[in-house]
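Quick look at what Swiss-Prot annotates:
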type     : residues    : note
SIGNAL   : 1-22        : signal peptide
DISULFID : Cys49-Cys63 : disulfide bond
MOD_RES  : Pro55       : 4-hydroxyproline
DISULFID : Cys56-Cys66 : disulfide bond
DISULFID : Cys62-Cys71 : disulfide bond
Amino acid sequence: MKLTCMVIVAVLLLTACQLITAEDSRGTQKHRTLRSTARRSKSELTTRCRPSGSPCGVTSICCGRCSRGKCT
């Protein structure tokens, strides 16, 4: 009986701690879009681009622009 009461009290205490922590962290991430674009631009830097004169399309990335199927 004592063990059951101890388990119930422990579960209630942990639940209360999680709820308090969740309320405290609400609204701390102010610029969500900035983080996602920064992450995306970082991944774009690691991909290699095609030099000018190379063929381009949907799957290839040019260092400049893709014009009429060729990188410029």
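The backbone N, Cα and C atoms fix where each Cβ goes, and this holds for glycine too.
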Item to check | Inter-residue Cα distance where the pair is Cys71 (disulfide bond) and Pro55 (4-hydroxyproline), in Å | outcome: 6
Checklist outcome for this item: Cys49 (disulfide bond) and Cys71 (disulfide bond), compared by Cα position, are separated in whole Å by 10
Item to check | Cys56 (disulfide bond) and Cys62 (disulfide bond), distance between Cα atoms, whole Å | outcome: 7
Checklist entry - Cα-Cα separation of Cys56 (disulfide bond) and Cys71 (disulfide bond), in Å? => result 6
Item to check | Neighbour tally for the residue listed as '4-hydroxyproline', based on other Cβ positions within 10 Å of its Cβ | outcome: 11
Checklist entry - Just counting, how many other CB atoms are there within 10 A of the CB of Cys66 (disulfide bond)? => result 17
Checklist entry - Where does Cys56 (disulfide bond) sit in DSSP terms: helix, strand, or coil? => result coil
Item to check | C-alpha spacing of Cys71 (disulfide bond) relative to Cys63 (disulfide bond), in angstrom | outcome: 7
Checklist entry - Which residue, of the disulfide-bonded residues Cys49, Cys56, Cys62, Cys71, has its CB surrounded by the fewest other CB atoms within 10 A? => result Cys49
